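Per Swiss-Prot, the features are:
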{"type": "BINDING", "residues": "162-166, His225, Arg270, Arg326, 354-359, Asp369", "note": "ATP binding site"}
{"type": "DOMAIN", "residues": "46-132", "note": "domain 'Phosphagen kinase N-terminal'"}
{"type": "DOMAIN", "residues": "159-401", "note": "domain 'Phosphagen kinase C-terminal'"}
{"type": "MOD_RES", "residues": "Tyr255", "note": "phosphotyrosine"}
{"type": "MOD_RES", "residues": "Thr356", "note": "phosphothreonine"}
{"type": "REGION", "residues": "40-64", "note": "region 'Cardiolipin-binding'"}
{"type": "TRANSIT", "residues": "1-39", "note": "transit peptide"}
Amino acid sequence: MASIFSKLLTGRNASLLFATMGTSVLTTGYLLNRQKVCAEVREQPRLFPPSADYPDLRKHNNCMAECLTPAIYAKLRNKVTPNGYTLDQCIQTGVDNPGHPFIKTVGMVAGDEESYEVFADLFDPVIKLRHNGYDPRVMKHTTDLDASKITQGQFDEHYVLSSRVRTGRSIRGLSLPPACTRAERREVENVAITALEGLKGDLAGRYYKLSEMTEQDQQRLIDDHFLFDKPVSPLLTCAGMARDWPDARGIWHNYDKTFLIWINEEDHTRVISMEKGGNMKRVFERFCRGLKEVERLIQERGWEFMWNERLGYILTCPSNLGTGLRAGVHVRIPKLSKDPRFSKILENLRLQKRGTGGVDTAAVADVYDISNIDRIGRSEVELVQIVIDGVNYLVDCEKKLERGQDIKVPPPLPQFGKK
């Protein structure tokens, strides 16, 4: 049986204890990592057998529902992460939300970094299903933030109206948004804004707390695609990510509004580089430079991001594991978007489309949000290059259709590891 002292030195307890003692949190993170590998997973006895608790998923259409079997549920139901997160908490959002008519949702979230290990028997097959066959049990993820490798990164701005790259980062030693306490959420905010104050040059900016904004200011930023929406999505609310809203939430942006950090929405942080026009290479260069600088500043203050070789960067939703990267453009393609081959072209190019305002919105004036569908198994450079090559292909198709010429469905891109 674990001693009282070893229990004290797990999860959030250790972070708070060492912070109180003035110990470097980087050292704390190292100690927590060692414990995480060695600590026994706690069991939480239940009154009823697993079969009595198994959720009714017969009408569900999400990755969790497809992968969760009675046997897996029975094996994992009583397990608890060092921070106290359970399997039922992981899957609740997928139980409450059966599915999406057009997009197959994941249906589960992680409450902490350890969730992906303690409940790996479910997370691993869900990750494999969601990520085009990426198997975290046998594969490793690579990271590459060298923007100089990008080619053909300038789009035709008659068609491409804006360009954007985003990712997420989680701070090791603190629970993720579905499970974090108020104190942890406020600590995330404090760690982030203290580090961001060190940004210089074109990255320098300021932080705006959501609780200090007027409703009008919030809506203006949302309409301009600078700020996250209010937490009305059932996927967020059922996962517990809207608790205490808007406490410790906010947005940091540079003075040009081309480099932004969202704090405490779905993830601890979301890092975004964006601008009008079609210069994706410049957007990605700023993204890489800013992200590296943010990580350096956070590490200087004794913290680090969650990362491992199996899963890459750890984020709340399994759909964002690996790079967490979504590179997208707003592109006007009135003729191609009406062509019956459009969906197949996107599928083969490993791209996805959304409406002008994002998920669940319509395309206004034939403008679509086109982005990469994959997150893990390919590096950041590879994913951005896929978007660049793919969007250039879409624009070329649009030009051919304007001239009355035929277009072709491209061959499907090879999966990772088959280059």
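Cβ coordinates come from backbone N, Cα and C, glycine included.
Within the chain, the region 'Cardiolipin-binding' (40-64) has long-range Cβ neighbours (under 8 A, six or more residues past its boundaries) at 2, 70, 73-74, 77-82, 86, 88, 91, 94-95, 97-100, 104-108, 118, 122, 126, 129-130, 318. For Tyr255 (phosphotyrosine) paired with Arg164 (ATP binding site), the C-alpha to C-alpha distance reads 17 Å. According to DSSP, the secondary structure content of the region 'Cardiolipin-binding' (40-64) in residues is 6 helix, 4 strand, 15 coil. Secondary structure from DSSP puts Tyr255 (phosphotyrosine) in coil. Remark: of the binding-site residues Arg270, Arg354, the most isolated position is Arg354 (fewest other Cβ atoms within 10 Å of its Cβ).
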